[in-house]
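Reproduced below are the annotations present in TrEMBL:
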| type | residues | note |
| --- | --- | --- |
| SIGNAL | 1-26 | signal peptide |
| DOMAIN | 34-174 | domain 'Lnb N-terminal periplasmic' |
| DOMAIN | 259-387 | domain 'Lnb-like transmembrane' |
| TRANSMEM | 264-286 | transmembrane segment |
| TRANSMEM | 293-315 | transmembrane segment |
| TRANSMEM | 321-341 | transmembrane segment |
| TRANSMEM | 348-365 | transmembrane segment |
Amino acid sequence: MKQFENIFRTLLIAIFGFIVPTTASAQDEVRHPMDSVEIGLLTCSPHEEIYSLYGHTALRVHDLRNNADWVFNYGVFNFKTPNFALRFVFGLTDYELGIAPTRPFLDYYEEWGSQVTEQVLNLTPEDKQRIMDALAINYKPENRIYRYNFLYDNCSTRPRDIIEHNIEGKIAYNPRKDYAPSFREMIRDHTARHPWATFGNDLLLGVKADHKTDIREQEFLPENLRYDFDHATIERNGEIVPLVKERRELVRPGVQVIEEDFPLSPTLCCILLLVLSIVIFAYEYIKKKTLRWFDILLMTLSGLAGLALFIMIFSEHPTTSINLQILILNPLSLFFIWPVLKGRRTAWFTLSMLCTMAFLLGSFWQDYAEGMEIVALCLLLRYWRHYHDK
């Protein structure tokens, strides 16, 4: 009984409102204090807000005997943090471990129409105690904040690591056969109904996002972690048991309101740009004129986009440092706007034409954002026009 009280005193540091019972029956004293505690992995299906398109994972600690039910959530962040947007761009976003009663947590996802499932883990009392102690340590003010990494250290990987590091025995995962998608492919699967979100992601992700992933890398997505836990086992004292003891549906999937994106898809916008480029090219050829305003427009837009790609080189976001799309979205074009405006011949168009051809060859190594090859053709047409302009 003394051990039982010590455990809950430790958790009191972490859990507001956790009440340590002061009395117990003789029958309770012979039972392990963790016998009435269930620890489960909660998986919340995606809903249509951009920040929630990938779903969510949390840990549930449910003490049936003492009617204490809490969710440990590694996905808490604050938009009001100073310079939040700038820090996000550079991959310096800090998330933290938050704790909330389970019922309001479930109500939130029910309101959004998301399904919430629980996988009750097949843990020994000692495993539960170690996990709860680890969560209490994680929740200390000096520990609860962590540097978020979308692919390698997020709300899905943190609960997994807490479980793996604090159980007796070793978890054996059962990888799916012939399943080795790239990071880009998995991200696209979750943004399929939002083509402009897909376009933005693909624009910023570089070559490293296209390598084939292993099972551990795939677990940055909550749904993949849920699948892997369902098929995992624990080898404990020579015995192999399932990692998941029971699976429950806590919130049924509901109706989700899907807001319409911009009516024109990225591909259609790029096609319209190509058509405009061809029309202007034909007009210039017939009239023997050069519409420099169109060049200035293209150079400004591609230069600003290239500036964003250049900044991402220094970002801590994974897979953004090497991005071949910078070959056509080049920030250096901004420095050549003035000479072009004045009608001066520069080496910029020749260099840009070579970079564009290199970009097209680079498609063998990198999967580009939707429509970028069409943009490359538009730029190549303009560069060729100026290259032959006498």
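Keep in mind that glycine also has a Cβ here, set from the backbone N, Cα and C atoms.
Quick one: how deep are these features, and who are their neighbours?
Across the domain 'Lnb N-terminal periplasmic' (34-174), DSSP assigns 43 helix, 47 strand, 51 coil.
Counting same-chain residues at least six beyond the ends of the transmembrane segment (264-286), those with a Cβ under 8 angstroms from any Cβ of the stretch are 195-196, 199, 294, 369-372, 374-375, 377-378, 381-382, 385.
Long-range contacts of the transmembrane segment (293-315) within its own chain (CB-CB distance under 8 A, at least 6 residues past either end) are made by residues 89-91, 203-204, 206, 277, 280, 321, 323, 325-326, 328-334, 336-337, 340-341, 375, 378-379, 382, 386.
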